[in-house]
Structure formats: C-alpha cells, structure tokens
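**Student:** Below: one structure in structure tokens.
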2 protein chains.
Amino acid sequence: MKSRIHFIDTTMRDGSHAMSHSFTKEQVSLIAQGLDDAGADIIEVSHGDGIAGSSINYGFSKTRDIELIEAASKVVKRAKLGALLIPGIGTISDLQEAYDHGVRAVRIATHVTESDVSLQHIKAAKDRGMFTAGFLMMVHMAEPEKILEQARIFEDAGVDYVNLADSAGHLLPDDVRRRVSLLSEKLSIPVGFHAHNNLGLAVANSLAAAEEGASYIDGTLRGLGAGAGNCQIEVLSAVLERMECATGIDLDKILKVAEEAVEPIMPRAQVIDTASLMLGYAGVYSSFLLHARRAAEKFDLNIKDILVELGRRGMVGGQEDMIVDVAYQLSRSQHKAD
Amino acid sequence: MKSRIHFIDTTMRDGSHAMSHSFTKEQVSLIAQGLDDAGADIIEVSHGDGIAGSSINYGFSKTRDIELIEAASKVVKRAKLGALLIPGIGTISDLQEAYDHGVRAVRIATHVTESDVSLQHIKAAKDRGMFTAGFLMMVHMAEPEKILEQARIFEDAGVDYVNLADSAGHLLPDDVRRRVSLLSEKLSIPVGFHAHNNLGLAVANSLAAAEEGASYIDGTLRGLGAGAGNCQIEVLSAVLERMECATGIDLDKILKVAEEAVEPIMPRAQVIDTASLMLGYAGVYSSFLLHARRAAEKFDLNIKDILVELGRRGMVGGQEDMIVDVAYQLSRSQHKAD
C-alpha cells in the first residue's frame with residue numbers, strides 16, 4: 001500500500017437502500033458512535049440516493065434525513081460527518097442545510113461520464129470549507145483514459161480526492177487495478193474506491209484498489225447495501241490488519257458495532273442471490289430488474305439475456321422505458337433464429 | 001487461464017456441515033440432478049468430514065451417507081459422483097462400500113504436512129480405476145516449497161491431480177498465487193483449489209488460482225459450508241463466463257439449482273459473522289471456537305487474542321486441550337504488562 005487507508009463508512013447512506021430508508025435516530029446514534037470510536041475517518045449519513053433523495057422516485061425516508069444527520073452529529077467526535085449529493089437530486093440549499101446540521105465532508109456524485117455537472121456543487125462545498133470529493137458512479141462503463149479525463153475535471157475544480165464507484169458490482173480485480181493505477185499515477189490528489197459485492201469480489205476489489213494506490217476505501221458494516229451489498233468494512237479491516245496496513249481502525253471495536261448495532265436491525269442477511277448476481281454480471285442498475293422481469297414474461301425471454309443486452313447497450317438509470325423495446329427486438333431476433 | 005476449468009461441487013459434502021449433516025435423499029436427488037444437468041464435473045456427496053465421518057466426534061448424519069450416495073448415483077448421468085476420504089476417519093472398506101454404490105472419484109485428504117498417510121488409500125482407489133485426487137488441508141500453514149514436497153508424494157503415488165484447500169479461509173489472493181503457481185509449474189499433474197470465505201475472498205482466491213493454472217476448482221451452491229462457507233459456485237461460474245473462460249457450466253441452470261434446490265433448505269444465510277471472520281483472521285479450525293470462547297471468559301481475555309495465538313503456534317485439530325494452557329499463559333503475560 002502507498003499510504004494509510006482512510007475508511008469511509010457508508011452503512012447509513014448506501015446501506016440505507018437495504019433498510020428501505022427506515023433508519024431511526026436511535027439506530028443512527030448507536031452506529032455513528034460505534035464507528036467514531038472504532039476509528040472510521042468519515043461517517044456518511046443520508047438517503048441512499050444522497051441529500052434530498054427522499055422522494056416518490058427514490059423512496060421516502062421514514063425519518064427526515066436532516067434529523068438523522070443531527071443525531072449522528074451529536075455523537076461523532078473524531079470522524080468527519082459526511083453526506084453524498086447527486087446534482088439534480090440535491091441542491092446547494094440542501095447542502096447548506098446539511099452543513100448547518102454538522103456535515104463537514106461531502107461527495108458530489110455523477111455518472112462516470114458527467115462530472116462537469118458537479119462544478120457549482122463542488123464550489124459551494126469548498127466555499128464552506130468542507131472536505132469535498134468527486135464521486136464517479138458506474139465506472140465499469142468507461143475505460144481508464146475516459147475516467148482520468150473526468151477525474152481531471154474534479155481535480156481542476158479543487159476536490160480533495162476522486163472516488164471511483166463500481167455501482168453495479170461488475171468489475172473484476174484487474175479492471176479495478178487498471179482504473180485505479182492510472183488515476184493514482186496521473187492525479188495530484190488521492191483516489192478512492194467504492195465496491196459492490198454482486199460478483200463476490202467487493203473485498204478483493206477494495207484490496208486491489210488499495211494495492212494500486214487508492215487511499216480512501218468505502219465500506220459498510222455487515223456489507224449492508226442494495227442487492228448484494230457493499231464491501232463489508234469489518235472484513236476488509238481484518239484483511240488489512242493481517243497485511244499490517246495502517247487504517248486507523250480498531251478491529252475489536254468495529255466487530256462490536258457490526259455485531260451489536262447493525263446485525264440485529266438488518267431486515268435480511270446480505271447475500272448474493274440470483275437477481276443481484278445477474279445485475280452484477282450484466283453491469284446494470286438495480287432499478288432495471290423489475291422492468292426486465294416483466295418484459296421477460298411478456299416476450300417469453302430469459303431475464304438474464306435482457307439484462308446483458310441492456311448492459312451491452314450502456315443503458316443508464318432513467319432509461320427504464322427502453323427495456324420493453326430491447327426485449328421486443330431480442331424476441332424478434334431469437335424468433336428468427338429458431 | 002491455462003485450460004478449461006473443471007468444477008467440483010461440494011455442496012453435499014462440505015456444505016453438509018452447514019446443514020448439521022441433515023441432508024435427505026430427496027434433497028440430494030434434486031441437487032445432484034440439477035448439478036449434473038448444469039454441467040458440474042464432479043459432484044461430491046458424503047459427510048462433511050468425508051466417508052464414515054458420521055460419528056459422535058464429527059456429528060451424526062441424519063441419513064446414512066451411503067444412502068445419500070445411492071440417491072445421487074441414481075440421477076447423475078454426465079458428472080462423476082465423488083466423495084472425500086480422510087485417512088483415520090474413513091477406511092479402505094468404507095471406500096469399497098462407496099465404490100459399490102456408485103462413487104467414481106475420490107479425494108484423499110490429509111493435513112498439509114502429512115500426505116504420506118494417504119498412500120494405501122490412493123492405491124486402493126487407483127486399483128478400482130477411480131479418479132483420485134490428493135487433497136491437502138490447511139495450506140496456509142505451509143510455505144509453497146513445503147506444499148510442493150507434499151504434493152510430490154501424491155504425484156508419485158499416482159493421483160490424477162493435487163488439490164490445495166484453504167480450510168480456514170485465511171489466504172489472501174497473493175498467498176494463493178504463490179502456492180498454485182509453484183505447483184502448476186513443477187508438477188506434471190493438474191492442480192486444484194478449494195476456498196473458504198472467512199475473509200470475503202473465496203471467489204477472488206478461486207479466480208487467482210485459476211489464473212495461476214489451477215484447472216479444478218471447488219465450490220458450493222449459495223456458498224453453503226461451515227462458518228463463512230465456501231466459494232459460491234454460481235457466482236464463480238458467472239465471473240468465469242464473463243471472462244470467456246470455458247467451464248462446462250450452463251449459467252442459467254446452475255442459477256436455477258442454487259435458487260430452487262438449495263436456498264429454500266438452508267438453515268441460515270451464509271454470511272461472514274464475527275466468529276467466522278475471527279477464525280479466518282487467525283487461521284485456525286472452527287472446532288477451536290467454542291473452547292476459545294470458554295477460555296476467554298475464564299481468563300477475562302479477548303477471544304481474538306486467543307485464536308491468533310493458537311494460529312501463531314500452528315495448532316491443528318485434535319489439540320483443543322491446549323487452548324486452556326495458551327489462555328493461561330496469555331493471561332499471565334497480559335497481567336504482567338498491566
């Protein structure tokens with residue numbers, strides 16, 4: 001490893017998807033306190049889709065996110081309290097509100113090819129003295145050179161580091177290495193990595209990222225997250241401790257918070273089931289699953305074939321209406337082949 | 001990859017631990033049929049501790065293992081029906097009985113430094129024309145050169161391939177690479193790998209083994225297995241299919257058998273909890289856990305410290321009585337330090 005690994009815990013942000021956005025203030029308080037004591041560097045709290053994500057589109061939060069942020073802010077002493085902001089979902093006035101309630105680290109997230117939509121938000125965060133990251137989602141959809149070009153937009157805008165997110169859990173360790181090593185070499189600012197476990201590779205991919213020079217790694221307690229979940233942070237902590245890599249994490253304490261504060265409230269165990277495996281294999285958003293399942297029934301197709309075709313065409317969130325067209329075309333071409 | 005990957009499914013052998021050895025004939029029939037149809041090369045059926053493992057020491061099988069083997073034998077058409085045999089637990093007459101009921105592939109398993117106890121069993125298997133593997137357990141406890149020396153004993157005895165088992169789920173991908181690459185280079189017979197997921201690395205380690213030339217890879221449906229479980233075979237199948245590596249597996253079919261035949265009968269989801277993570281971190285047998293927990297209470301110690309010390313001393317199964325001594329010594333040294 002190049003340097004100390006900084007852990008960003010996103011149990012109460014990306015993990016919120018797996019909780020149907022139903023975290024309570026008491027739960028957040030307990031988890032945030034445990035993580036702070038265990039040595040996490042940044043503790044992210046917000047709706048799964050970031051600040052102001054609570055909506056009919058993305059699911060309503062049971063408790064207002066700002067109340068959850070406030071609950072965390074009261075107990076976090078050593079770590080920075082963080083939040084995610086996706087331009088178009090969250091606005092600068094939402095960012096101001098989060099700041100007013102204690103958020104001091106923000107990650108501005110865009111699709112891997114769209115980092116230029118983040119510039120105003122980055123400036124707003126930096127103007128407030130916040131620790132600010134540029135966060136590229138779905139990085140399997142772009143080659144390393146393209147990602148570097150996008151990361152440079154963040155770098156020029158003054159972010160503190162650039163984070164690559166394998167949002168669909170589609171990358172293999174070598175894919176991660178190629179992306180992280182190029183950015184580590186070419187950028188003057190640190191690189192981070194955010195893994196999903198759809199192909200069972202979240203820990204290995206995070207390790208590969210760290211080996212290639214990433215110094216900010218995301219994870220969640222017990223791997224809590226949408227679909228197959230995220231990188232299980234206490235597991236990666238144990239692996240890095242075995243490798244004598246400094247992380248600032250107290251392994252006993254992080255095991256304790258995972259076991260006592262998160263495991264008991266999980267609605268289901270975080271496993272790789274057929275649906276999450278297929279999403280990772282195809283490299284598509286989890287929001288495609290329901291539509292693809294319906295289209296598979298309608299056109300008598302294998303759902304995997306539809307998802308793979310959607311991945312091949314590089315479809316992104318918001319293009320769900322195209323799924324029926326794709327299924328129709330697939331069904332015609334499969335019919336001709338019969 | 002060097003060549004086609006052969007999959008050895010051990011859901012109904014190593015997975016049997018997670019089922020408290022309670023597989024029924026109906027369950028075995030359904031799973032074996034699904035695996036055979038999906039293209040698994042060897043389908044292993046026996047007690048978790050191998051042929052004749054059913055005992056007061058290792059747990060009794062609810063249904064006699066020979067009846068389970070018979071149930072599988074009736075439905076398996078393309079694959080070889082396999083079994084594990086640990087000398088000292090299973091005998092040559094047990095092997096004969098398994099052969100008489102349809103077993104045509106056997107893996108003779110020993111501790112990583114004890115392959116010479118297998119010679120009679122290997123000869124008995126080869127005399128019957130069985131596909132025979134030498135299976136080294138706990139390979140994290142020996143360096144590559146030592147493992148090569150032990151593998152040569154198997155090779156000289158005429159086995160068809162040598163399998164390395166990371167029984168405690170302790171290895172990192174680079175540890176796997178060093179072991180598998182040396183054996184692949186130096187042996188004239190194929191190499192196999194058997195992973196456990198205690199550090200969240202089962203899929204990545206299996207992939208690393210395949211990349212270094214291993215051509216036999218073990219896995220279980222849904223990762224079913226003791227502790228954190230094994231390499232989830234349908235996930236590895238998807239990863240290898242993405243890499244366009246030939247495996248003989250039909251991904252749709254293996255997804256179906258995992259979802260329909262295994263998921264519904266699992267007593268609990270296969271996750272990485274504190275206990276399994278600690279075992280993998282320390283690199284010790286799961287049978288140590290209960291004893292270590294008792295000793296930790298008695299001497300007011302952290303259970304992780306005891307497990308790590310047992311791992312450091314290279315303790316193996318059968319040495320459970322030493323745990324109290326180790327805890328006593330630890331408690332004295334910690335006391336002095338206070």
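Positions of Cβ are set from backbone N, Cα and C atoms, glycine also.
Nobody curates TrEMBL annotations by hand; they come from automatic prediction.
A quick note: this is a predicted structure, and the numbers were derived from the prediction, not measured.
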**Student:** Going by the substrate site in TrEMBL, where B:Arg13, B:Asp14, B:Ser167, B:His194 are listed, which of the candidates B:Tyr281, B:Tyr285 is also part of it?
**Tutor:** B:Tyr285
**Student:** Same chain only, sequence gap of 6 or more: which residues have a CB within under 8 Å of the CB of B:His196 (Mn(2+) binding site)?
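**Tutor:** Expected: B:Asp166, B:Ser167, B:Ala168, B:Gly169, B:Ala202, B:Gly225, B:Ala226, B:Gly227, B:Ala228, B:Gly229, B:Asn230, B:Cys231, B:Gly280.
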**Student:** Compile a sequence-ordered list of residues in the same chain as B:Arg13 (substrate binding site), six or more apart from it, whose Cβ lies below 8 A from its Cβ; state 'none' when nothing qualifies.
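**Tutor:** Result: B:Glu44, B:Val45, B:Ser46, B:His47, B:Gly48, B:Gly50, B:Gly82, B:Ala83, B:Leu84.
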**Student:** DSSP on B:Arg13 (substrate binding site), three-state: which is it?
**Tutor:** coil
**Student:** Let me check the 10 A CB neighbour count of B:Ser167 (substrate binding site). How many other CB atoms are there?
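**Tutor:** Excluding its own Cβ, B:Ser167 (substrate binding site) sees 27 Cβ atoms within 10 Å.
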**Student:** Over the residue list B:Arg13, B:Asp14, B:Ser167, B:His194, B:Tyr285, recorded for substrate, what is the maximum interresidue Cα distance in Å?
**Tutor:** 17
**Student:** Return only the integer: C-alpha distance in Å from B:His17 (active site, proton acceptor) to B:Tyr285 (substrate binding site).
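**Tutor:** Answer for this pair: 13 Å between alpha carbons.
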**Student:** If you count Cβ atoms within 10 Å of the Cβ of B:His17 (active site, proton acceptor), leaving out that atom itself, what do you get?
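**Tutor:** That number is 21.
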